[in-house]
Amino acid sequence: MGLPPLGLLLSLCCVSGLPFYNGFYYSNSPHGWNPGKGHGEGIFNGVKLVVETPEEILFSYRGANVTLPCRYHYEPAVVSPRPVRIKWWKLSENGAPEQDVLVAIGLRHRAFGDYRGRVHLWQEREREVSLEIRDLKLEDYGRYRCEVIDGLEDESGLVELELRGVVFPYQHPQGRYQFNFHEAQWACEEQDAVVASFEQLFRAWEEGLDWCNAGWLQDASVQYPITQARHPCGGLGLAPGVRSYGPRHRRLHRYDVFCFAAALRGQVYYLEHPEKLTLAEAKEACQEDGAQIAKVGQLFAAWKFHGLDRCDAGWLADGSARYPVAHPRRNCGSLEPGVRSFGFPDPHSRKYGVYCYRPR
C-alpha cells in the first residue's frame, strides 16, 4: 500500500470511527505490537518487515547527546524504496500516559512536548531511523519504542536509556516518614534529582547501598536496600536484598524517599571562608563567589563522580549540613565512603561552612 497524501491524512483526522493518532493514520494491525526488546517482525504479501533495536541498555549523562539506534529491513529484501511512517514514543514508567517524542512521514517531522528542538531522526544509512536526543535531562531516562509503519503493517523495537547517576535516601527536616508520594516527588526535584526507579535502587544496592528506612520509589512502591542483615532492619533471618512494602497509597501513606541525581556538568566545592556561617550567610557567600549554594543531589553527584572529599561540614540549600568523604580516614566519620549528615541544624548557628555549586 502506498503512503496517502499528507492532506488526506489531516482531513481524515476528524472522521469518527477511524484509528488515528495526532493527525497521523495508524492501522489496527494484529501484528502491530512487539512487547519485548530487540526486534519486531511482521509479514505482508510474503515480505517480512523487521525492526532492529539494541538488546543492551544504553548509558549516558545529563547534558549529553545520545542516539537511540533503530533500523528496519525486509525479508526477502525489497529493492524499490517503500514509503514508511516513523513514530518514537516513551513508555510509561509510573502510571502516567505515554509520551509522544517524534513522528515522521517522509521529510515531514514533528516533535512533541519537552522534546521539541532537542530530537531529530538520525538517518546516516539506508533504512536507519535512529533518534538523537540532545541535552539530556533527568526525566529523559526510560524505555523508548521505535515503530515503523509500512502501509497496513507496523512493527516496533524497544530501546532502554539510563543516565549515570547516584541514588541517595532523603528525609524530611522534621524526621523520618513525613512524605506522601507527591511530596516525595517535590522533595527530590528541590534537590536537583528525581524519585529513583526500582532498577536504579537495585543497582545502588548491588554497589553497596544499605539503608534501614523505607522510601518511595518512582512506581509508588515503598522499599529499602539491605546489604547487612540485622535485627532493626527485618531481622537476621532474611537474606540481604531490596525489601519491599509493595505499592502504597500516594496521598495517605508517608515514608522517606530514594532520590536519583545524575552526574553533573558543573562544579561543587567547599567555599574557603574566614568564618563559619549561618544558613542565610552561606547562601549569600556563594552568590558573592559567582555561584549558588549546592543542593543535596549535587553534593552526592560530586562525591560519586568527581571524588569530592572534604572533612568539613557545610550548609546545603535545604538547610541540612553535610560533608562528602571519598577516602575514609580517622577523625572523619565512619570507615565507609559516603556523604555524612548532621541533619538540619538551627539555621542561625555558626558552626558550618558552605558547599557551593557553579554551573558550567
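Just so it is clear, glycine is given a Cβ too, placed from its N, Cα and C backbone atoms.
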Can you tell which of CYS188, CYS233 is bonded to CYS212 by a disulfide, based on TrEMBL? CYS233
Among CYS311, CYS356, find the residue that TrEMBL gives as the disulfide bond partner of CYS332. CYS311
Return the residues near CYS311 (disulfide bond), defined as same-chain residues 6+ apart in sequence whose C-beta is under 8 angstroms from its C-beta, sorted by sequence, else 'none'. TYR323, VAL325, ARG329, ASN331, CYS332, GLY333
Taken over the domain 'Link' (166-261), the model's mean pLDDT: 95
The number of other Cβ atoms within 10 Å of the Cβ of CYS332 (disulfide bond), counted over all protein chains shown, is 15
Mind telling me which of the disulfide-bonded residues CYS212, CYS233 has the densest Cβ neighbourhood, counting other Cβ atoms within 10 Å? CYS233
